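Q: Below is one structure. I have some questions about it.
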Amino acid sequence: MVTVVNTLNRPRHPEKQNRPETEVLRKPDWIRVKAPGSAGWSNTAGIVRANGLHTVCEEAGCPNIGECWEKKHATFMIMGDTCTRACSFCNVRTGMPKALDLDEPQKVGEAVAKLGLSHVVITSVDRDDLTDGGAEHFARTIASIRKLSPGTTIEILTPDFLRKPGAIEVVVAARPDVFNHNLETVPGKYLTVRPGARYFHSLRLLQQVKELDPSIFTKSGIMVGLGEERNEVLQLMDDLRAAEVDFMTIGQYLQPTRKHHKVERFVTPDEFKAYETVAYAKGFLMVSSSPLTRSSHHAGDDFAKLRAAREAKLGRI
């Protein structure tokens, strides 16, 4: 269980301090993972620390950090470690963020080059305090990676840029290889799970990326186990396909602390497999659906499969 208070004894989630504690369900055997600590993990951690960078792997308490960092795979989280939203599922710190580090795009590019990454994932906190939501910072980071590690393919996992006109255009113009924006949950759960966001705005963002540049792969993911119904998940799949989203991820929600949204149930591996089968039938080029699936887990391998799936589809037309 991840603590709600950081090492300086400041509340990590001040908005959650007065919430009642919820029951934490015991994890089934299929959720358990090996603790990190290998030599590869230590090397990746050293490069991240040396460049003063943040990763969503650490900040969000991802269960796959040991596996990914051992392979020198890390998802860099730009624009600081403090988010202006307060989603009930998320372990990232909430509060008023610091000013942007204008050297961060260069630092990320250097770290990508040092790690020798063939594929990198860049995400960020929400920055509602910035006039463009951080769009230009994303674009500069993409440009830095292109310059310092030209052979690396780039996947971005963005916030929703709600009420930030022109932001999406700036990011798309930087031409990432994959544009990911997670819906996170079904629309009926937004009020309690993702109250600062709007389902149809997020859906429209994904659609707009395709309209602006059809060559960019689009991707979106959800968590299950939050109390959603199966039919709601199937409708969400239809919504994503209507927006021409190429790649869908589905993973089990894991509760960071007793103050966060509770896990209503653990979805079985067979149910995840069934979701995968239905999603492929609905036309997604790529689907990753398993208890430990996360947006950037196996992202490099999945990108290669995604590209191959598009080429195969075009070859049949």
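Glycine is no exception: its Cβ is also placed from the backbone N, Cα and C atoms.
In case it's useful when we look at the structure, here is the feature table from Swiss-Prot:
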COMPBIAS  12-22  compositional bias 'Basic and acidic residues'
BINDING   C57, C62, C68, S296  [4Fe-4S] cluster 1 binding site
DOMAIN    69-285  domain 'Radical SAM core'
BINDING   C83, C87, C90  [4Fe-4S] cluster 2 binding site
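Help me picture these features in the structure, burial and contacts included.
A: Counted with DSSP, the compositional bias 'Basic and acidic residues' (12-22) comes out as 3 helix, 0 strand, 8 coil.
S296 ([4Fe-4S] cluster 1 binding site) carries neither a helix nor a strand DSSP state and counts as coil.
In the predicted model, the domain 'Radical SAM core' (69-285) has a mean pLDDT of 96.
Secondary structure at C87 ([4Fe-4S] cluster 2 binding site), taken from DSSP and collapsed to helix, strand or coil, is coil.
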Q: Please report the distance from the Cα of C87 ([4Fe-4S] cluster 2 binding site) to the Cα of S296 ([4Fe-4S] cluster 1 binding site), rounded to the nearest angstrom.
A: 19
Q: Compute the centroid of the Cβ atoms of C83, C87, C90, then list the same-chain residues not in that set whose Cβ lies within 8 Å of it, in sequence order, for the [4Fe-4S] cluster 2 site.
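A: Going along the sequence, the neighbours appear as R85, A86, F89, N91, V92, T94, V125, D126.
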Q: Between S296 ([4Fe-4S] cluster 1 binding site) and C83 ([4Fe-4S] cluster 2 binding site), find the distance joining the two CA atoms and give it rounded to the nearest Å.
A: 19
Q: Excluding near sequence neighbours, so keeping only residues 6 or more apart in the same chain, what lies with its CB under 8 A of C83 ([4Fe-4S] cluster 2 binding site)?
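A: In sequence order, C90, V92, R93, T94, G95, P97, V125, D126 meet the Cβ cut-off.
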